[in-house]
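Quick look at what Swiss-Prot annotates:
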{"type": "REGION", "residues": "1-23", "note": "region 'Framework-1'"}
{"type": "DISULFID", "residues": "23-88", "note": "disulfide bond"}
{"type": "REGION", "residues": "24-34", "note": "region 'Complementarity-determining-1'"}
{"type": "REGION", "residues": "35-49", "note": "region 'Framework-2'"}
{"type": "REGION", "residues": "50-56", "note": "region 'Complementarity-determining-2'"}
{"type": "REGION", "residues": "57-88", "note": "region 'Framework-3'"}
{"type": "REGION", "residues": "89-97", "note": "region 'Complementarity-determining-3'"}
{"type": "REGION", "residues": "98-108", "note": "region 'Framework-4'"}
């Protein structure tokens with residue numbers, strides 16, 4: 001199975017900050033990767049697909065990039081509403097696999 005190693009597991013940042021999180025695939029090529037945001041009690045929301053394509057309606061402060069088997073989600077100019085857990089999903093190789101998640105908290 002392809003393991004998606006996500007880091008960090010938690011992150012605390014201030015409003016207006018730029019934050020990044022990464023997922024690294026343990027193996028494979030041409031991995032199709034999505035990023036999701038999940039808030040407590042809510043269904044996951046697709047942010048980015050194809051590693052870097054922003055889903056319709058998602059603010060442009062979210063961006064995704066890839067370098068080989070390393071994938072990065074960046075949030076620029078952090079807002080209160082961005083407090084959530086973020087996770088990646090590879091859906092190229094069966095079984096599809098998720099990263100462990102990054103819990104983003106806002107520093108007060």
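Yeah, the Cβs are placed from backbone N, Cα and C, and that goes for glycine too.
Counting C-beta pairs under 8 angstroms (sequence separation of 6 or more), the region 'Framework-1' (1-23) fails to reach the region 'Complementarity-determining-2' (50-56), with fewer than 3 such pairs.
Using a cut-off of 8 Å between Cβ atoms, the region 'Complementarity-determining-1' (24-34) and the region 'Framework-4' (98-108) share fewer than three residue pairs, counting only pairs 6 or more apart in sequence.
Through the fold, the region 'Framework-4' (98-108) approaches residues 4-15, 19, 21, 23, 75, 78, 80, 82-89 of its own chain, all at least 6 residues removed from its boundaries and within a Cβ separation under 8 Å.
Long-range Cβ contacts of the region 'Framework-3' (57-88) within its own chain (Cβ-Cβ under 8 Å, at least 6 residues beyond either end) map to 4, 6, 13-29, 31, 33-39, 44, 47-48, 51, 98-106. Within its own chain, the region 'Complementarity-determining-3' (89-97) has Cβ neighbours under 8 Å at 1-4, 25, 28, 30-36, counting only residues six or more beyond its boundaries. Only residues 6 or more beyond the boundaries of the region 'Complementarity-determining-2' (50-56), in the same chain, are considered here, and those with a CB under 8 A from a CB of the stretch are 31-34, 62-66, 71. Sequence-distant contacts of residue 23 (disulfide bond), defined by Cβ-Cβ distance under 8 angstroms and a gap of at least six in the same chain, are 4, 5, 6, 33, 70, 71, 73, 88, 99. Around residue 88 (disulfide bond), taking its Cβ as the centre, 29 other Cβ atoms fall within 10 Å, counting all chains. The region 'Framework-2' (35-49): residue composition by secondary structure is 0 helix, 9 strand, 6 coil, according to DSSP.
Helix, strand and coil counts under DSSP for the region 'Complementarity-determining-3' (89-97) come to 0 helix, 3 strand, 6 coil.
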